[in-house]
């Protein structure tokens, strides 16, 4: 008896399983879940219940329609013979009609007798129909299962065939690769043989080329002497022609000269053609000569020129044609083809060009100029300039920019005069604006720069003067920025610039010396003159400013001011008491000793200098420091040197410009204006300027933008030209250099000066084996674009007093980019040095571990030749390396394969014991040979 589940039966009846379960429960069939099995008796009970509930004699359901759909697959061969699987869907629809045999009009009594047999027959027919339906469903399920089984078997068969074909293809490919490798090896051997032959041929060709070059040099020297002689004769002839042109009415007699004309020789023609490169398009005398008859190629030049100088109007009005003007008559008055006419025409051009004197042009060469522009200025073809540069060893294109030095050398080589010029420079207008200002110069406060070695107390000295604690706020207690302050004293205002003393901040100290009037040289009494002290003295002397020496830490017990004076005298800083010009003042930043004397000496020097500057004028000054603030944008600390800077002024600073939106003093308070010698912080520039750039106030914002754009373009072109000039030199250096490891880094700092100093310090760490490669250096926080650049260049990112934003941190974590944060320059340099040390290849050293003497040699089966040895010193270990000495001469170096002691394989044998030693891949040993055993150890290297 067939059975299926409630869910399957519900899907056949197109009902939900829940509805079918309710009907089964009402029919007395206990089924709890859709997965329960249904038997044929359960279905009959359900059918009986439904018939009873709907009634059999009411006639409500007279017609039942059953729809059946089945899907099967058949395999059909197509035209190519391949078997294709076709899906076949069969739909069947059957309608069952219940017929009522009751005849209308018959009596009530007779009706049961007639209708009862009909109802039983109908029930029996219905049950038979349902049984047939169930059987058909079961048969359909069996067909589907068999079709699925056949499909699975067919799929497995196809997979097996595909695997067999793949294995056969792999074997075929392996065989093909083996054949190709054999062919490649044969080709490589042939290529090596060809390379050797080619190298020999090249060596022979080089030797021949050297001999030819020597011969060519001798020939060129002789040709140059001949050329000079011909040029001298041509100049003399040109002078004679000028003299004849002074009297045009005089008829010249045709007379054959004694020596041949310079224009008749090919070499002379080439020289004459070279001389005409600088000649204008039309010159007096050349155009009439072109119209002269060309009939007699051997005629005297004076006879030809006489007709042209006579000024024949018919000759002047003659139309120029592409052919010969003489009607095709050749040199011997015979008609000739196009070749003869061309030679005649060339001869005429040579005769015209010979007496022309080369014109020397004064070429104005800017900082950068392209090859095409340079050729245009010299009135020659660009190909001539390219040839000249190729002779100098530079491969250039017509649009390639040249730096000023290279361009001037080319101009001189071409026989012209080179003049340094900056034409069309919009900065010329700035001088006019400044020179147009007429303002009264008034006394101004001195600008004093405090310089000295690191940790000698510069910032602490300023702390006491300012009554502030600046040094405590600096990272590591060392200054890493230029600090600008102005202090009001009873005798006037003094502006102080505090420069870093660390060796990395050389550029900052140089900027501080250039912007200052007086230098306070700080030297610790207990430390003396140090390297940065000497450097500060050089900067001060180069700037030509007076030096006031402050001997700090004078209250310490181990202070020795006299030693400091002697060391400074050796550096040509002589104290006043020794007859010099520099006052020496011992001071203490803790007790305040000597501070007043120091300020008095500074103000005394300022009075001697008579410092003055205009006040009611547009401001000019110097950019001390610059940074990119996240909230405020580009911020620059500037020192006003003359004039008055106000909020709203248009400022030009280097390659940037902008309008001053806000101005703060050193205490962070807003101010409206700043006079001479006052440091302020300004906002509103278009970009971060370079520290050390000069700034000025202009009246026109448009002009300021133009000048800034011009400066940026000039800087970019100059940089590009210098890079191009250095490329050829670097090619050979890179070819000769070995395998050099690169350590790419990206630097982001809070201010321009710190970024510059950190980059210089890290680049100094480069060695012959490891090179620090600066991918990018900038000012501001670490952004996502910086991290993406680090991903592309595989660089590490160093942040100095800055941090990465959220997006940059997320990108760095996802791509394993190293982000390093520092606030002390010492730490950044030390950690990068340690990282570079880790990149160095370890050093391999040999360490001797023992020696042995071979006393006997025997051959063991399955082992080979064994050295019966006595360990004289140290020990011998398995797999250690050895040197075989015979008569104190090393004849072999190899590895010990095994060591045996009393037929036992051991790891080591110490001094004083005998053992058998098997040498790896070596058997030529004799009695009396010595064995030295050693190990190779790798030792980490440091920078």
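Quick reminder: no glycine exception, Cβ is built from N, Cα and C everywhere.
Feature list (source: Swiss-Prot):
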type: REGION; residues: 57-85; note: region 'Disordered'
type: REGION; residues: 97-232; note: region 'Disordered'
type: COMPBIAS; residues: 123-166; note: compositional bias 'Basic and acidic residues'
type: COMPBIAS; residues: 174-192; note: compositional bias 'Basic and acidic residues'
type: COMPBIAS; residues: 193-204; note: compositional bias 'Low complexity'
type: COMPBIAS; residues: 205-232; note: compositional bias 'Basic and acidic residues'
type: REGION; residues: 245-358; note: region 'Disordered'
type: COMPBIAS; residues: 280-292; note: compositional bias 'Low complexity'
type: COMPBIAS; residues: 313-323; note: compositional bias 'Basic and acidic residues'
type: BINDING; residues: 452-459, 498-502, 552-555; note: GTP binding site
type: REGION; residues: 452-459; note: region 'G1'
type: REGION; residues: 477-481; note: region 'G2'
type: REGION; residues: 552-555; note: region 'G4'
Residue 452 (GTP binding site), number of other Cβ atoms within 10 Å: 29
Outside the compositional bias 'Basic and acidic residues' (174-192), six or more residues from its ends: residues with CB under 8 Å to it: none
Binding-site residues listed as 455, 458, 499, least Cβ neighbours within 10 Å: 455
Residues of the compositional bias 'Basic and acidic residues' (123-166) by DSSP state, where helix covers H, G and I: 44 helix, 0 strand, 0 coil
Reduced DSSP assignment, residue 455 (GTP binding site): coil
Helix, strand and coil residues within the region 'G4' (552-555) as assigned by DSSP: 0 helix, 1 strand, 3 coil
Residue 499 (GTP binding site) - helix vs strand vs coil (DSSP): coil
